[in-house]
Amino acid sequence: MPTAGRATVWWKCQAGDDHRWSAPPYSRTNPSKPAGCPFCSGRRPSSTTRLDVTHPELAAQLDSTRSSIDVSELTAGSQKIVPWVCPVALDHRWAGPPASRIRKGRIVGCPFCAGRRLSITNRLDTRVPEVAAYLNADQSGRSADKLYFRSNFRAVWTCVANPEHSYSLPVHDRLLTTGRCPKCRGLPWN
């Protein structure tokens, strides 16, 4: 069979009966970059590589209310942008390719739950309003509705014991304290 022509031929992979595709011979025999089975590589869906077969828990997070995407057309390596919804909170909705949801064989979780995006269910003011009440938004430069409740952002807080005292502490550290400033707790503080 000549390998330099542009004519396409049909190929079949041994991994599955539905792993059939057409490609020119040169694409398969190119020594610098031989093309393998597009189904096994995750570029095309098959009965063995579909997202709902390889990662059913991830396929269940597809947001069918925002798209009529057919899950049988997706693979874990797909770059097609699809809508997702988090099983933890229904307001955690975002879009991205299935390939961005899998790293080293493990599922990457919700960007809202991870604190990379804000929602009504993970903001400081709605999650822990009793702590948010002591945030000094003017001195911090951010209000409680703009902060993730486990943020590393260093904010300025008003002391619970003495409202005339203020101190700086990351949001997530403030959740672990009583709310009394270091001075009221007898600690050295600048």
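Cβ coordinates are placed from backbone N, Cα and C, and glycine is handled just like the others.
As written in TrEMBL, here are the features:
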{"type": "DOMAIN", "residues": "8-43", "note": "domain 'Treble clef zinc finger'"}
{"type": "REGION", "residues": "22-41", "note": "region 'Disordered'"}
{"type": "DOMAIN", "residues": "58-116", "note": "domain 'Treble clef zinc finger'"}
{"type": "DOMAIN", "residues": "140-186", "note": "domain 'Treble clef zinc finger'"}
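As a whole-number mean, the pLDDT of the domain 'Treble clef zinc finger' (140-186) in this prediction is 93. With DSSP classes pooled into helix, strand and coil, the tally for the domain 'Treble clef zinc finger' (58-116) is 9 helix, 14 strand, 36 coil.
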